[in-house]
2 protein chains.
Amino acid sequence: MPTTVPAETTTIVLDALSFNDAGLIPAIAQQHDSGEVLMMAWMNRDAVRETLETGRVCYFSRSKGRLWRKGEQSGQIQNLIELRWDCDADTLLLMVDQKGVACHTGRRNCFFNAVREGKPSVIADVAVSPDILYGGGPE
Amino acid sequence: MPTTVPAETTTIVLDALSFNDAGLIPAIAQQHDSGEVLMMAWMNRDAVRETLETGRVCYFSRSKGRLWRKGEQSGQIQNLIELRWDCDADTLLLMVDQKGVACHTGRRNCFFNAVREGKPSVIADVAVSPDILYGGGPE
């Protein structure tokens, strides 16, 4: 079950957070049980509010310039387990339950590039074809 | 042992990464064995280069306007185990071995604020007094 919180708590959290000059805050999504870091994206106040009140993770897409409900096109949604924020209140850590894959490339997480044995390497395979996820254009 | 890489690999990685208009890229630090997300900070090109070539994590401090070798004052250093980056090449994930505590408040990680049972809550205790870490002023 996704976690939802009362509107008055959301207001307290929003007042505590520090958004940047563009009104955004970075949000790291971590799979709550395995600890896998899935992705990093951005939220504005409305995205934080919607995420807390619906229990479904909603980001702000800088490329689209609008709220982006994770999985709205691909079906690969994120349910919120717990929202955390850091000492400076300028970064969020979302403990989530990711359905399927988090990355638009069809990989489980977005961090599939690494330096291994001294060389840039791709360290994760595609689990689901983007064609199946989107049937055309990325999310 | 920290991981270091050849200078030519560093150049390839730097060319692959996408820095923002301020010349910075966000870097998430994750404890390599436990999966704990420790902190998020920023790097510029010089910080990425130094981190890869020395195996000790170096950030760019936006408040100080200079390179910030994690632990330079507190002794709570981060050794690099593996550097990863995401599908858009605009976020880094650093797999690290954190000595002691990552947070300037003396907590193991910076994400000690959460919404629990519908209320904002502090979910981690101070492990080491900041007075012991710094003997005055934060890092």
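Just so you know, glycine gets a Cβ as well, placed from its N, Cα and C.
Quick look at what TrEMBL annotates:
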BINDING   A:Asp86, A:Asp88, A:Asp90  Mg(2+) binding site
BINDING   A:Cys87, A:Cys103, A:Cys110  Zn(2+) binding site
DOMAIN    A:39-112  domain 'Phosphoribosyl-AMP cyclohydrolase'
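Across the structure, A:Cys103 (Zn(2+) binding site) and A:Asp88 (Mg(2+) binding site) are spaced 28 Å apart at their Cα atoms. Per DSSP, the secondary structure of the domain 'Phosphoribosyl-AMP cyclohydrolase' (A:39-112) breaks down as 10 helix, 29 strand, 35 coil. Taken together, the residues in the domain 'Phosphoribosyl-AMP cyclohydrolase' (A:39-112) have a mean pLDDT of 97 on the 0 to 100 scale. Taking each of the binding-site residues A:Asp86, A:Asp88, A:Asp90 in turn and counting other Cβ atoms within 10 Å of its Cβ gives the largest count for A:Asp86.
When the binding-site residues A:Cys87, A:Cys103, A:Cys110 are compared by the number of other CB atoms within 10 angstroms of each CB, A:Cys87 has the fewest. The two recorded residues, A:Asp88 (Mg(2+) binding site) and A:Cys110 (Zn(2+) binding site), have Cα atoms 25 Å apart. Here the Cα atom of A:Asp86 (Mg(2+) binding site) is found 22 Å from that of A:Cys110 (Zn(2+) binding site).
On the backbone, the CA of A:Asp90 (Mg(2+) binding site) and the CA of A:Cys110 (Zn(2+) binding site) stand 22 Å apart.
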